[in-house]
Amino acid sequence: MQKLLVTRNAVMMKRLHSYLQRRGIPVTVSEHGNQLELWLTQSSYKALAKDLINEFKADPEAAEAELESASQSKPQVASKPDSMVQQLLQQAGIVTIVFAALVSLVFALLNTQLATAIFDALRISDTFTDVPWSQPWRLLTPVLLHFSLLHFLFNVFWWWYLGGRFERFYGSTYLVIALVFCGVFSNVMQFMVSGPYFGGLSGVVYGLFGLAVVVSWQRPRHPLFLPVGLIVFMLVWLLLGYTDLLWVSVANTAHSAGLIAGLVLGIALRYVEYFRKKKQLS
């Protein structure tokens, strides 16, 4: 993600955003305080995007008229709509896709004769009491383990929805940081409460949820902004885990710890954005 422009002129931003998208430039707009920020989602378009922005700023009407004239002169060919698979892939980045594939592979192997070996290789510890400092990858690998189809589908869906949006806006590096931080923290907390026999991506999912709530707080145009209904659903589901109303065993500590980790990351990210913006203005 690269910031291209900051303005308070909502009308101009709307026209520029539409103009760039019609020219095939992958851009998105976010709101930061009383300012609108134009972001480029693919760095390979940077040079072209800057040229088009300068062209538009020099004479918006002429730029739009030229684009309209060019589009009218082209033969109208019905475009083939993207397939469902293409649409899903467009909603995610490389880390989102690769990790979802890895979780899917592990789930498939857990339903074969290799299940015991896979579980022993990925669970957090070989004992009930020792945190595996000598095998640090075990602090994260339980997020790959899912023990029912519903558990697997629920977590992969939310990983794709939340992780994909986060990666497309903030980049792959930030998503890896969120995955490791929320995953390790939620796993260790759950291990302290219940021992090594647990697994799932839910701690990371709730971490991404908490992160999204914080970074989009009072910023309704932010790409990670979540509707109120979804926020209520996630919180109600979290609370239901502490009751006897659900038909499945839930790693409640991992959920809550992941949420806390995500809130902390969200606060840190907002501070990073604040100081980065302050530096740009100075």
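Residue numbering: from 1, along the chain as shown.
Backbone N, Cα and C define each Cβ position, glycine as well.
TrEMBL annotations:
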DOMAIN    1-72  domain 'Peptidase S54 GlpG peptidase N-terminal'
DOMAIN    135-270  domain 'Peptidase S54 rhomboid'
TRANSMEM  94-119  transmembrane segment
TRANSMEM  139-161  transmembrane segment
TRANSMEM  173-191  transmembrane segment
TRANSMEM  197-217  transmembrane segment
TRANSMEM  224-242  transmembrane segment
TRANSMEM  254-272  transmembrane segment
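The average pLDDT computed over the domain 'Peptidase S54 rhomboid' (135-270) stands at 90. Count of Cβ pairs under 8 Å against the transmembrane segment (139-161): among 173-191, 197-217, 224-242, the largest is for 197-217. Mapped onto DSSP helix, strand and coil, the domain 'Peptidase S54 rhomboid' (135-270) counts 99 helix, 0 strand, 37 coil. Per DSSP, the secondary structure of the domain 'Peptidase S54 GlpG peptidase N-terminal' (1-72) breaks down as 42 helix, 18 strand, 12 coil.
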